[in-house]
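This report concerns only the one structure given below.
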There are 2 protein chains.
Amino acid sequence: MPTDIEIAQAAQLQKIIPLAQQRLGLPEEALSPYGHYKAKLSLSHIDSLQPRPDGHLVLVTAITPTPPGEGKTTTTVGLGDALAHIGERAMICLREPSLGPCFGMKGGAAGGGHAQVVPMEDINLHFTGDFHAVGLAHNLLAAMLDNHIHHGNALGLDVRRISWRRVVDMNDRALRHITVALGGPGNGYPREDGFDIVVASEVMAILCLATSLSDLKRRLGAIVVGYTADKRPVTARQLQADGAMAALLKDALAPNLVQTLEGTPALVHGGPFANIAHGCNSVIATRTALKLADYVVTEAGFGADLGAEKFINIKCRKAGLQPACAVVVATVRALKHHGAPAQGLAALEAGMANLQRHVENIQQHYGLEAIVAINRFDADSAEELALVQAACARWQVRCVLATHWSDGGRGAQALAQAVVQVCQARQARPATIYTDDMPLPDKIEAVARKVYRARAVQFSAKAQQQLAEFKAQGWEHLPVCIAKTQYSFSTDPKLLAAPEGHEILVRELRLNAGAEFVTAICGDIMTMPGLPKAPAAERIDVDAQGRISGLF
Amino acid sequence: MPTDIEIAQAAQLQKIIPLAQQRLGLPEEALSPYGHYKAKLSLSHIDSLQPRPDGHLVLVTAITPTPPGEGKTTTTVGLGDALAHIGERAMICLREPSLGPCFGMKGGAAGGGHAQVVPMEDINLHFTGDFHAVGLAHNLLAAMLDNHIHHGNALGLDVRRISWRRVVDMNDRALRHITVALGGPGNGYPREDGFDIVVASEVMAILCLATSLSDLKRRLGAIVVGYTADKRPVTARQLQADGAMAALLKDALAPNLVQTLEGTPALVHGGPFANIAHGCNSVIATRTALKLADYVVTEAGFGADLGAEKFINIKCRKAGLQPACAVVVATVRALKHHGAPAQGLAALEAGMANLQRHVENIQQHYGLEAIVAINRFDADSAEELALVQAACARWQVRCVLATHWSDGGRGAQALAQAVVQVCQARQARPATIYTDDMPLPDKIEAVARKVYRARAVQFSAKAQQQLAEFKAQGWEHLPVCIAKTQYSFSTDPKLLAAPEGHEILVRELRLNAGAEFVTAICGDIMTMPGLPKAPAAERIDVDAQGRISGLF
């Protein structure tokens, strides 16, 4: 089997402007090309689509992740291609990969095998520059903040209470914790600071939740960068940074059109973290795709306890989206991992509890019909597959085998047919887990008890103090975004399968006044990854003709 | 008079693909569009142009700068437009503006008035992402460096002797001097560090001097990032960073085609500092333009003592370029500034010494015929203009008045005619000031004595030690790049007009082993600007339709 990049480079891509005309009926003037195989859709054309009816929105989510990955992006792409195979007008909505991790462990993030979005090198590297724009807008605010303090600090910011860090799209552990403004009075007031990776920026979350350029600017202005000595919040608007930040982001707000290896149109746009942020592609891209296609397949980060929960309770709630069904991706290998230390069929049997829990959550708490998609590997035995299918039959849940990784869309046709049946039946009653007017701690408890099946939620002294402050400041109405390990329903990554009765400790809260959610930090959350001992960057290369190798 | 951005936004731009076909005979497949008004020229098409003869290369330089600026970029654009007006096939080669300063004092840097390259907002902001690519490639090397040390430091780098800083395209004084890798063993080994602005990166200089993708990778590999405890240099190649850095830069290496307000094609590509680096647009862009046009107008940073000297002794020497003539831009206002504290005509008379000195240098030391271009202002009196013209007549130098700022190319037709006459006469004998085999201190002395008219050059103890080390390491053959104030021939910014007999102190040297020059630091050189008290960013805005305001 060739590598992902070899498959991608061997593909015959269609030029994006004619593809958009043929597949989506988009006129040339609606598109701004970036090379011949990428284009941005103009925001004014998107506005003109408003009167059209919406297509069906299909969420691809997964069981609790295991280190080798389950193939959620691959399944999203394969399902989109398969829907096209069976004659439906389909589109795919994905997040943009972060550039930093490509140089670390992970390689690319544009699908894999015969289910990829292309041009994969571009998508994995600079793409259309959206992440660079997010990083610069973020860092402009940081520079204006320190500049304001340097030039007299009229707003009275307390240098000990600045919450706005800086960002770079690189895995660079040396920047996690730094001191800045050293070297004398000409360089400002020394203070502690640090860099996060660009995807962890609140500006990224804002870009992905904004519904228009005006809404983007309004949200940017609402960002709280720090506090005065008497704990009054100071915003980006008070620093007069919102206009320039929005100017830097105006092109980034327009969604990016590319194609799959089979020519299915895909919008790849935005990419917030799925722990400290909501982990979904942009609202603008999803809404646009729903106007252009009858079936829109999208994904959310990590497992259904994190990404799907936030997709429902943050993105769909705020953007008024109505998903029709959820595909839960699982692999036999991952289910057996959840059943360890048992071996073989016993491990698989035990690990099925994880899948069952996610299916229950999706149906009971998100109000969606779940379809289980087994991302099939050659190593899977007939007994193993029969065991999974029999269990799903007992739970009265559809279960479909899919081989899109090796076969492309053809390998996911049964999945596509199941999705169409569910969407046509229109039985989805999307539900949110909490109401806007519930107090913040009750919202956190609702997610923890219903989705994570926790026995109790504890709040640290710091978190309690923050909750009181947030209430006093009028942020009680915001939804919550829980940052915890993706490897367990609990906050202990070693508790696999379907733990219950555990406790959740909320250590601190982080306000995202512009993105409009409150993040509850439960455990160690890394917002700046490091590179491994032998980073992928050492193997990445480009030849004299510009052909890149070593991305995978 | 409307503002620059108002003029630019009122312009009717031609789509860049048909413009490139009509004006330059470029086929569509030679171009990669970035939106409808910007495109990158493919490197493979550029290779195919090789057999063609070269056009005439015209350098636009200036007298010693004064704070309000003399209009060098404006004259470059106006002259290009004027050459087209008089029927010549002309192109313009400019540097890309740095994004950071747009948010500080300076506003945009894409010309002004009716002599601009457009789309000016794009060119001044993210453009085609080249600077983002330079910044990321630079920071990838920094991350790999600290990662190497963190994971055992097999190369034995001395954390006290690391010379590779980090970069961001932002005016951010708080990042000038920082400490990194704080917070415990998981974050690496604490050390002093700092950020420069992206244009100060050696990667930027390398991008602008590289002649091909292979040459780019070779140069990136040669970058020295620091030294071992026993002072052996450690390179990017030893860190295995060169391949991934080149992969990040492969699109950035292709020059960017845009147009002037009058539709003259312009390559805007690369933008190294003109003090610590050589201050010219890319070699690839200049060479390409010479294949596509009969007249190529380009500029170099600051006055003719800095930018033009480096253009000749670094860029032209290394790239084998043969400029045909030099246009020296001056304004009556700036000449009077050089003649202060005298007033009126007496000030102008005194300030003429500065122009005379630059003209002499260009003719005697650079081997080019000089043409003086007076960038005319409404406030200039007939007596003042007559004084300048009479002086030039005494020196037997052509002097032309130009009004391109208010009149576009039409206002620079006389200048264009003078340029054509000089180029047709082919009397240029471009000369370098020193030979490759001269010792580094002799090269520095040659520039200081001939161009700056210094009496003597002193080297600090540190500089002397560095010179010995560089000689021992085999870097003696490199050209020198002198970093000093742009406001005087001397190192004292207050010595205006034409000082002589001053001393130059070389405080330290900086090796650019990849860019292949040695920078001599003479005075305080700022590689990370700060924002002013009321930064331009506070006034920059974008409306709901995406129209940007406040850039100027």
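Here the Cβ of each residue, glycine as well, is placed from N, Cα and C on the backbone.
No curator has checked TrEMBL annotations; they are predicted automatically.
Database features (TrEMBL):
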type	residues	note
BINDING	A:T66, A:P67, A:P68, A:G69, A:E70, A:G71, A:K72, A:T73	ATP binding site
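Residues within less than 8 Å, Cβ to Cβ, of A:T66 (ATP binding site) and separated from it by at least 6 positions along the same chain comprise A:R333, A:A334, A:H337, A:H338, A:Y487. When the neighbouring Cβ atoms lying within 10 Å are counted for each of the binding-site residues (A:P67, A:G71), the highest count belongs to A:G71. Looking at A:P68, A:E70, the binding-site residues in this record, the fewest other C-beta atoms within 10 angstroms of the C-beta turn up around A:P68. Around the Cβ of A:T73 (ATP binding site), 25 further Cβ atoms fall within 10 Å across all displayed protein chains.
Neighbours of A:G69 (ATP binding site), defined as other CB atoms within 10 A of its CB across all chains, total 17. When Cβ atoms from all protein chains are considered, those within 10 Å of A:K72 (ATP binding site) total 25, not counting its own.
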